[in-house]
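Quick look at what TrEMBL annotates:
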TRANSMEM  12-29  transmembrane segment
TRANSMEM  49-67  transmembrane segment
TRANSMEM  79-96  transmembrane segment
TRANSMEM  102-120  transmembrane segment
TRANSMEM  140-160  transmembrane segment
TRANSMEM  172-192  transmembrane segment
TRANSMEM  251-272  transmembrane segment
TRANSMEM  292-311  transmembrane segment
TRANSMEM  323-342  transmembrane segment
TRANSMEM  362-390  transmembrane segment
TRANSMEM  397-415  transmembrane segment
TRANSMEM  421-442  transmembrane segment
Amino acid sequence: MANSVCDVRLYNIFVLGLAFMFIFTAFQTCSMAEKAVLTSAYNGTFEGNGYTSLGIIYAVFGVSNWGAPSFVSFAGPKVSMVFGSTLYFVFILSFLKPMVWALYAGSALVGIGAAILWTAQGNFLTINSESATIGRNSGIFWALLQSSLLFGNMYSYFVFRGEDTISDSSRTHLFIGLSGAGLLGILLLLFLRKKRISSSDDSIVSLNASQEGSSGSTEVNVKVQPSATQAPDLPLTALKRAFQLLRTKEMLVLSVAFAYTGLELTFFSGVYGTCIAQNKHFGEDRKGLLGISGMMIGAGEIIGGGAFGLFGKRTNKFGRDPIVVLGYFLHMAAFYISFINLPMDSPIQETDGPTYFESSVVLALLCSFLLGFGDASFNTQIYSLIGFVFSEDSSPAFALFKFVQSVAAAVAFYYSNVLLLKWQLVILVAMGTGSVMCFSAIEWDATRHARSGYQPIGETSS
């Protein structure tokens, strides 16, 4: 029976990863190319802005995360993921014939769909994991998810290769293919199976928020409970727990790390590719380099996800924080390369402005790989830490992670319209440094209390 349960769980993790791979083959390729595509649409006369669209997505995403746990509790993770991914599909379709109102309305719909999709994904991942498998499962999912960057950007490279300006026909060819990938991902979600519950099936160590008397303070405790005893949350209960978790010391401190992942997400998924595509020093093939850069980011994500997930027992031997520190140093190297290799105004406009060294395609693509590997280092360990610490409240905890991440990403997309590259890099360096310190503090605290048994880890901040 135990082997059967494990087989269903592992099957679900692989199917979940494959579904997200196709869904985000569509969306991540779209987000990386959106600024360049819309700038060229209708011979450069289209008035919609790619950064503004992405900013709307993440702003609505952040707000919608407050209601997402309630929706997931009501509909269940599988139905929620199908619904959320359908809204992504509608957004991708809108690029076949861009219209300003459809672009921004579709962006808002994606924001709602993203909150539901990612909250349900986090809940489903935790349901199908144990303390011994949460790192492995997070890595498997992350590697499959980021494979989308390889396939989608490979396709965009062949579509845009040799084009100085992206034609309407090339845009149509790209988004027909991306729409098909998105639809396939939705269909794969229908093949997810319900986990069978075994009497020996133990949940992973969790933080359980419980009200304490009439004082209204929240105490966060570590304890191990059989998952079979956990009753499903009512929608309003899930929303209440989200507010309770937000007030805890652990969630407040981790929010710094969550915010950094949002800022660096904006940089590698929207800004960095735009900088390459608008750097005239790279010649007529610079639009095609956008796709190669995306593939290198994907390669870094896949190798990082595999190294820290599939071989998690070895890489996590000394804890999660060394992996996050590695990701930090890789990101600092990538930011320095970007600073010396790209014109300062490249995030904003087509430019042949000065650089500290002659712009190098090799350095640009190395930087792409470092950005992807570093992102995998941060995200796999954050997923693992949330699943380890907040498993009983996984739905609201993952919703809060995505709330903070998406608000930070929205802010970053808006300032990307006006700030030169060097100032964006200064913000990333400062937030990256703070995120490593905060993550390490909570990792050490959670591990210490888990080893000592059922003890309070933190209290609600006043």
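Each position is counted from 1, following the chain as shown.
Backbone N, Cα and C define each Cβ position, glycine as well.
What you see is a predicted model, and the numbers here were worked out from it, not measured in a lab.
At the 8 Å Cβ cutoff, the transmembrane segment (362-390) and the transmembrane segment (251-272) share at least 3 close pairs (sequence separation 6 or more) and count as touching. Between the transmembrane segment (397-415) and the stretches 79-96, 102-120, 251-272, 292-311, 421-442, the greatest number of Cβ pairs separated by less than 8 Å involves 251-272. With a threshold of 8 Å between CB atoms, the same-chain residues lying at least 6 positions outside the transmembrane segment (49-67) that come near it are 31, 34-39, 103-104, 107-108, 110-112, 114-116, 119, 239, 242, 262, 266, 270, 274, 399-400, 402-404, 406-407, 409-410, 413-414, 416-417. Between the transmembrane segment (140-160) and the stretches 12-29, 102-120, 251-272, the greatest number of Cβ pairs separated by less than 8 Å involves 12-29. With a cut-off of 8 Å between Cβ atoms, the residues of this chain six or more beyond the transmembrane segment (102-120) that come close are 27, 38, 48, 52-54, 56-65, 67-69, 71-72, 77-78, 80-81, 83-88, 90-91, 94, 395, 398-399, 402-403, 406.
Contact counts against the transmembrane segment (421-442), taken as Cβ pairs under 8 Å, peak for 251-272 among the stretches 172-192, 251-272, 292-311. Long-range neighbours of the transmembrane segment (251-272) within the same chain, counting only residues 6 or more positions beyond its ends whose Cβ lies under 8 Å from a Cβ of the stretch, are 28, 31-32, 34-35, 50-51, 54, 58, 245, 293, 297, 324, 331, 338, 347, 367-368, 371-372, 374-375, 378-379, 382, 385, 397, 400-401, 404-413, 416, 424, 427-428, 431-432, 434-439, 441-442, 461.
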